[in-house]
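Chemist: Straight from Swiss-Prot, here's the annotation block:
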type	residues	note
BINDING	42-49, 649-656	ATP binding site
DOMAIN	319-596	domain 'ABC transporter 1'
DOMAIN	616-945	domain 'ABC transporter 2'
ZN_FING	262-289	zinc finger
ZN_FING	748-774	zinc finger
Amino acid sequence: MCNHHPQHSHDNDTIRIRGARTHNLKNIDLDIPRHKLVVVTGLSGSGKSSLAFDTLYAEGQRRYVESLSAYARQFLQMMDKPDVDLIEGLSPAISIEQKSTSHNPRSTVGTVTEIHDYLRLLYARVGTPYCPEHKLPLSSQTVSQMVDAVLKLPEDTRVMILAPTVRERKGEFVDFFADLQAQGFARVRVDGEVYQLDEVPKLEKNIKHNIDVVIDRVKVKADIKQRLAESFETALRHGNERALAMEMDSGEEHWFSARFACPVCSYSLPELEPRLFSFNNPMGSCPTCDGLGNTNFFDPEKVVAHPELSLATGAIDGWDKRNQFYFQMIQSLARHYGFDVQAAWETLPEKVKKVVLHGSGKEVIDFTYLSERGTTFNRSHAFEGIIPNLERRYRETDSETVREKLREYQNHRACPSCGGARLRKEARYVYVSGEPLHEVSAWPLTKTHQFFETLDLDGNKKQIAEKILKEITERLGFLINVGLDYLNLSRSAETLSGGEAQRIRLASQIGSGLTGVMYVLDEPSIGLHQRDNDRLLATLKRLRDLGNSVIVVEHDEDAIREADFVVDMGPGAGEHGGNVLIADTPENVAQCENSVTGQYLSGKKSIAVPSERTPVNPDRMLVLKGARGNNLKNVTLELPLGLITCITGVSGSGKSTLINDTLAKITARELNRAQEEPAPFDDIHGLEHLDKVINVDQSPIGRTPRSNPATYTGLFTPIRELFAGVPLSRERGYNVGRFSFNVKGGRCEACQGDGVIKVEMHFLPDVYVPCEVCHGKRYNRETLEIQYKGKNISQVLDMTVEEAREFFDAVPTVSRKLQTLMDVGLGYIRLGQSATTLSGGEAQRVKLALELSKRDTGRTLYILDEPTTGLHFADIALLLEVIGRLKGKGNSIVIIEHNLDVIKTADWIVDLGPEGGDGGGRIIAKGSPEQVAKVKGSYTGKYLKVVLR
């Protein structure tokens, strides 16, 4: 062991841990310096998360929460109390994990980071509202301001002062004119023409008119101030607080209002307040879409599911021969419009398609219906149309099942009223420096940041906005510093990847400016390109410099080298881990012989660059043309089959859109018959070389404690068959079901096969206590009497994969699957370990193992999204071996990855970029790693050059 003896100090600069035994920790003692950047590293499963999250964070949070009242505690999720003798020097803890943010469609990047709240405040305090129709600013002027505005015109300009009295109203207005004459007025302007009051022509009764009373006619001179003031006062009195000054020679009009309103149409707003700009408040949200920005509609492309078929044979589900009532309507339409119900839908004239889908309008059609009794009856009415029919049924039904069914024909589109802005009309026409809020929110963060940095307001507006602007620009700056410059504030939070969501939380934490806190982060570098790594590390150091302890579980080499202190866990994983190998500075860790991390840091061990690359076979290519989802710019992707291809590029360059949203969904639809809707593309060639596609992601293998590696990989069934075949089982008549803990029979009924009983504690975390009847064994006594090679079913579930591999050596169906779990480096997990306790990286490798154990055709396309998440250098070497085996059988592997060790070993690279967001979405480079390293504009190439030397 390398030196890591805890000092016996009682200073305030150390977090002292004594006797930590959480999960697989082996009673460890450890001192960690406070207010430093500490990286916890080690193999996958070596106990990093157990130390950082389940011990340090859990205890820090628990102590803080316990200081609250019992009433407040019941609303907080309490962590389990870690199994540890003593922890001293803890601060209140905040964890920033990789869970995706909320699944609430109302959450956006702006609301999650609270920038939107500051923007609402800014627009409410210094925004200028405009009239949506006349595009004039709403403003109120005093009489003296109106006079000054007229006096600013060139001297001797002839001006007519008018009072706008009638706007867009029908009528003859005879009495109105008589009334004006009685009040002593001489002239009026009717529909733009000026008349003497006694010469006004007779007005058309059914046409809308505009009438202004002429109050005064003046030439602009300095000495007419008093006269103008009196004229304006009269005009305001008669013109409903509005007045109009018209230059008589040019006809140009200057509108004035004494009320806060549009001088032309009197459109006015109550006082601007922040909630007018909130799409989550009825006062601000667009009434059509309720502030969601999009509406559901019945999509003709989904309604006509099979355009190649005829209406009679099922072009439109539910309207073909099998549905007599609806099909009779179609036949009557065919008679009326003269088309053939047996003709393919795509060959029908556009007019016919329009009538069938959207109805006949006012045109009446003769319908003939045949009742079930065989009687014929006729009806004449307009045809509703299939889409209006679906809309009506969707509105009127009370059945959730019918709604679910109808939803299959729906799609989203931007809301027709607000165009996706989410806000009501009034809020969309309030401007700051000429820009409305929804436009600013749709820009990439770099542009938004620049706009507010250079925003120049005048007078007291500047003073009001100063503090708000400081908050906005700072927070935007933090988001840009964690590599999220390509996002925009209106981006929905549910579309963010785990890494993006985590970095947004990180930026929000810096924005909150807390000090004296212990932050625990889980691999913040996930999904980040090497280029943005330095900015992320600078952000972490900034958190530390505010006076916080920053503890990061991380495998990234740069992060380990930049840390103030490194804790290396190991030596193995699971049972073989849980010890601290060394806790010291990065330099000393690199010197440590026993530490695998140290060996990789010092260069004693490394992942080798392959000596030769597998050549590309031009006859076996998968070509995807014209991909244009999200920010992709009409991309054509060429994938050589039978090789390992890495898709690289900075965050937000379009990798996930191209692979997960386009390629994976097209191939799943064509090869696996999945109901997937890919992002827009033109064409795909080369699918004949493949027979299935498998997307191996990091989602959990099961969400309940009953799901475990044995059930997921299908190991458990042959194991139960072995137990059912034991002579004693046969004698008692036990079958395979007897050995399942999910059904009655063999399981312990007291805990229903869970092995633990949940006790609700209300103010404290729920406690799981071992079942008193079976003592956590999950089965009843009779079942446990059955033994195979001296072990019962519960003891088998408690074995690690490694132990089970030896135990079942003679049973090929079982040992083959166990061997693949060993191959992906999961020898340490227990067969019955609850799926909920597996990390994302472990879950992904269980899936890989399952794929490896299947019989193989060698024509599979595997898609992996950042498989190195949660993996140490040594684990990556193992993963590359497994992927190499898949390739060896002739399969094709596509990996989205930022890790240079994986990228340098690929046969082919497709690099997207050059930037994220709008600045990305193009293929910058493609070819072998050596070829990509030579491409000037490629960031990936720049970093590859260094590792390929």
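Cβ atoms are placed via backbone N, Cα and C, with glycine included.
Show me how these features fit into the structure around them.
Modeler: DSSP classifies Gly42 (ATP binding site) as strand under the three-state reduction.
Remote same-chain residues near the zinc finger (262-289) are listed as 106, 111, 116-117, 119-121, 123-125, 127, 129, 131-134, 136, 138, 167, 240, 242-244, 255-256, 295, 415-418, 421-427, 430, 437 (criterion: CB distance under 8 Å, separation of at least six residues from the stretch ends).
Each residue in the zinc finger (748-774) gets a DSSP state, and the totals come to 0 helix, 8 strand, 19 coil.
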Chemist: If one looks at the chain holding Lys655 (ATP binding site), which residues at least 6 apart in sequence have a CB under 8 angstroms from its CB?
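Modeler: In sequence order, the residues whose Cβ lies under 8 Å from that of Lys655 (ATP binding site) (at least 6 apart) are Ile647, Thr648, Gly649, Ile896, Leu912.
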Chemist: Which numbers of helix, strand and coil residues does DSSP report for the zinc finger (262-289)?
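Modeler: Going by DSSP assignments, the zinc finger (262-289) contains 4 helix, 2 strand, 22 coil.
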Chemist: For the binding-site residues Ser44, Ser653, which one has the sparsest Cβ surroundings, going by other Cβ atoms within 10 Å?
Modeler: Ser44
Chemist: Could you say which of the binding-site residues Ser46, Ser651 has its Cβ with the most other Cβ atoms inside 10 Å?
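Modeler: Per the Cβ count within 10 Å, the most buried is Ser46.
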Chemist: For the domain 'ABC transporter 1' (319-596), what's the model's average pLDDT?
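Modeler: Within the domain 'ABC transporter 1' (319-596), the model's average pLDDT equals 93.
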Chemist: How many neighbouring Cβ atoms, not counting its own, are there within 10 Å of the Cβ of Gly42 (ATP binding site)?
Modeler: 30
